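Novice: Taken from Swiss-Prot, the feature phosphoserine applies to Ser86, Ser369, supported by similarity to another entry. Residues or ranges marked as phosphothreonine in Swiss-Prot (evidence: similarity to another entry): Thr148. Sequence annotations record features per position, and here Swiss-Prot assigns DNA-binding region to 172-218. Residues or ranges marked as compositional bias 'Basic and acidic residues' in Swiss-Prot: 193-210, 439-463. Swiss-Prot lists 240-275 with the feature domain 'EF-hand 1'. The Ca(2+) 1 binding site annotation in Swiss-Prot covers Asp253, Asn255, Asp257, Glu264. The motif 'GBA' annotation in Swiss-Prot covers 303-333. Swiss-Prot lists Asp305, Asn307, Asp309, Glu316 with the feature Ca(2+) 2 binding site.
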Amino acid sequence: MPPSGPQGTLLLLPLLLLLLLRAVLAVPLERGAPNKEETPATESPDTGLYYHRYLQEVIDVLETDGHFREKLQAANAEDIKSGKLSRELDFVSHHVRTKLDELKRQEVSRLRMLLKAKMDAEQDPNVQVDHLNLLKQFEHLDPQNQHTFEARDLELLIQTATRDLAQYDAAHHEEFKRYEMLKEHERRRYLESLGEEQRKEAERRLEEQQRRHREHPKVNVPGSQAQLKEVWEELDGLDPNRFNPKTFFILHDINSDGVLDEQELEALFTKELEKVYDPKNEEDDMREMEEERLRMREHVMKNVDTNQDRLVTLGEFLASTQRKEFGDTGEGWETVEMHPAYTEEELRRFEEELAAREAELNAKAQRLSQETEALGRSQGRLEAQKRELQQAVLHMEQRKQQQQQQQQQGHKAPAAHPEGQLKFHPDTDDVPVPAPAGDQKEVDTSEKKLLERLPEVEVPQHL
């Protein structure tokens, strides 16, 4: 019986979802067994799901309940996916349910923040919101109950994550396909932009890079005897003539949980990938290397993972070594460049999509340019009106000053007496002297015109 301990408290869940629980199936509980020295817990790999943290926390809480852990041991993949296991949540201890309730309230709070962000974005027409993706954020929770964690929540969490992870690899393949099509599209556009001689030289250089990339040692089929023996010899430093599948499995079950998960499997392919890809070489694309790693892992899972739970048990691994294909070397593994990720028709549609997107962006840029020019012209008119207003105000002030000077000069000059004698008038500075009729009329007219124009002029706030 495998040793018990903290690493034996997790259960395998189909389709990588509950990868964090995988050790429970491999390590049964031993009641009354003496406590053994605890080994440091290994960090669980990120599933890539947007609710990964919530999923991880729910698993950590559930595995502390002895009753649920025992039911988890006895459950098979179908029990988990169908929701049968979720009903056992009714029998977990009160403090476990309390912790689960708090986790759900925290997740609901997080989703409410997302909803608030969505509403804020809707109020701004310039913000593009993917409403469908936002709504998907809620699919792993029971919308009828926002406060307590029930069996329905566990069932939804399992079903949603199982479905999402089943689509995870497909999404990666699609992303790689678009990457390859964009790369080919840019290559063709680059060649079209060159003159005839330059284009021939560029094509020759590209062909040379492709030739160097194809020249590599034979790549063994992942999971084959040749591939595993190479790891056994070069990575483990053991005698290839004494290859033992069971020992190999134990050596590469890094966290000793009784299964090889996807990360542990992918680590076995490093030596094969190094034959083809070198980050120092211009001709080797590291994005292609990661796609190659994914293809290798899928190949092994398809042929070894008989129950399709995305984990390889010791029994499944040993059974695969008995198959005829295990020792068949053949011509080796066919790499990515031997299997184009897209067809010419797919590339044509992709380029049409790019052209439409480019046209849309150009139209938007043109509209923005026109709006900028219109704002510039409006600003110019505003500046002209401001200068005209300033000149009118200055002119009016000058006229008033002239009138005041004329009034002062006319008031203080002594009047001549008819007999030739000067006659001085008493001081009447306190009495207002009206301006000449003609001048006063002209000032009134100027002020009236100025006041009539004021509503038409929008003076900036900084004036």
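Note: Cβ is positioned from N, Cα and C throughout, glycine not excepted.
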Novice: I'd like the per-state residue tally for the motif 'GBA' (303-333) from DSSP, helix first, then strand, then coil.
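Specialist: Residue counts in helix, strand and coil order: 13 helix, 2 strand, 16 coil.
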Novice: Where among the recorded positions Ser86, Asn255, Asn307 do you find the Cβ with the fewest other Cβ atoms within 10 Å?
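Specialist: Result for the recorded positions Ser86, Asn255, Asn307: minimum number of other Cβ atoms within 10 Å at Asn307.
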Novice: Enumerate same-chain residues with a sequence separation of six or more from Asp305 (Ca(2+) 2 binding site) and a Cβ-Cβ distance below 8 A; give 'none' if the list is empty.
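Specialist: Spatial neighbours, sequence-distant, of Asp305 (Ca(2+) 2 binding site): Leu311, Val312, Glu316.
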Novice: Cα-Cα separation of Asp257 (Ca(2+) 1 binding site) and Asn307 (Ca(2+) 2 binding site), in Å?
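Specialist: Cα-Cα, rounded: 18 Å.
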Novice: Over the span of the domain 'EF-hand 1' (240-275), how high is the average pLDDT in this prediction?
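Specialist: Here the mean pLDDT over the domain 'EF-hand 1' (240-275) amounts to 91.
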Novice: Work through the recorded positions one by one (Ser86, Asn307, Asp309, Ser369) and name whichever has its CA nearest to the CA of Asn255 (Ca(2+) 1 binding site).
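Specialist: Sorting the recorded positions by distance from Asn255 (Ca(2+) 1 binding site), the top entry is Asp309.
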Novice: Other than its own, how many Cβ atoms are within 10 Å of the Cβ belonging to Asp257 (Ca(2+) 1 binding site)?
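Specialist: Other Cβ atoms found within 10 Å: 24.
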Novice: Helix, strand or coil by DSSP: which one applies to Ser86 (phosphoserine)?
Specialist: helix
Novice: Other residues with Cβ within 8 Å of the Cβ centroid of Asp305, Asn307, Asp309, Glu316 at the Ca(2+) 2 site?
Specialist: Met301, Val304, Thr306, Gln308, Arg310, Leu311, Val312, Thr313
Novice: Counting across all protein chains present, how many other Cβ atoms fall within 10 Å of the Cβ of Glu316 (Ca(2+) 2 binding site)?
Specialist: 19
Novice: Restricting to the same chain and to sequence separations of six or more, state which residues have a Cβ under 8 Å from that of Glu264 (Ca(2+) 1 binding site).
Specialist: His252, Asp253, Ile254, Asn255
Novice: Nearest to Ser86 (phosphoserine) by Cα distance: which of the recorded positions Asn307, Asp309, Ser369 is it?
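Specialist: For Ser86 (phosphoserine), the spatially nearest of the recorded positions is Asp309.
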Novice: When you tally the Cβ atoms that lie within 10 Å of each candidate's Cβ, which of the recorded positions (Asp253, Asp309, Ser369) has the highest tally?
Specialist: Asp309
Novice: Can you tell me how far the Cα of Asn307 (Ca(2+) 2 binding site) sits from the Cα of Ser369 (phosphoserine), in Å?
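Specialist: Each residue's Cα considered, Asn307 (Ca(2+) 2 binding site) and Ser369 (phosphoserine) end up 60 Å apart.
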